[in-house]
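So the structure is just underneath, and the comments pick up after that.
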């Protein structure tokens, strides 16, 4: 292995994280192909599609375990780089298997198993990357006077931008090539990209990243004890509880909306690709705006505004399904590109300020396990949200070709989105105040 710092690289950690988060964002490329492959190739209906995709996310729920192992178990004196490499390799193998299996012999069970393996690899890599971000964010900058939350926020914004850039390119390419190449070809391309990430990662020495030193033999039991102690802190426990509940209480209708747009409105796949590109571009812009202007805004105020804006967009979806915008002269494709693209990413906007908040509160020595627990809670919340969405769609009578109850489902979704705002007092109000009190 060769250290990237030996080659004159002044900032290897940004390149490593930039690549990792960029590939993470680019995962939308094979996932777009997967949606059409399941709908058109395996004739999966909207509810089954949402159940399958949500069930395949269960490895994300075990992120705290991966974080504890990453914090406590070193491989050749390293405890971040090897896990990123293993995660990339597992993903590459799973997408390769999906790509080379004959479409006539593949089953829903088989593809679910490979998606579980892929998400396991993605979870392991994400935990290691998130831990590096948390560790670096807690280090003093070149000037000890500089506010720590500020430096953490800058790195969080950087990796957010890298992930958004990967999402923009992945969705743009996906929308262009989905009608020109088979889904298996797109799966294979992503497999090759993951293989490239694997080989680049294993050439980096963790010592070149200048991460904070910690005890190599800390042990899993000690990591569990540290994580338990961190979760007993009110500012951490209450924040995570509210944040996860704010997602779980909203019934997700993504599968239903996908079928409504493609089956009922006959929206072209390229338009859906442009919609996702628009959303990812909005995420990229959001990271710039947050880093430049919003880092000092109290998290509670910022998250509340985002939550309320989500509800407004869902009400807008009700009008869209009712045909209001079409009567006003707005084409369906234009609405899908702009409003549907924005609503899809609005769910993730509040993760950026919340991640900065958690990185600041994260005790030394358990960065990987605590940040993994946060992402695990979010993943579990999304799974619960997906199952609630399937139940809601069934309750109002929405199927793959019957959408008369869809406006009611969207209205209920909007009402559920507003409810968490009333519990927002669980989220600390002022990050700078918390920082000052800890220093004192």
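In case you wondered, yes, glycine gets a Cβ from its N, Cα and C as well.
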Matching range for TrEMBL feature annotation, transmembrane segment, among 122-142, 185-205: 185-205
Candidate ranges 47-71, 372-396 [criterion: TrEMBL lists as transmembrane segment]: 372-396
Positions whose Cβ lies under 8 angstroms from the transmembrane segment (158-178), at least six residues beyond its ends: 14, 17-29, 32-33, 36, 129, 133, 186, 269-274, 276-277, 279-281, 283-284, 286-288, 352
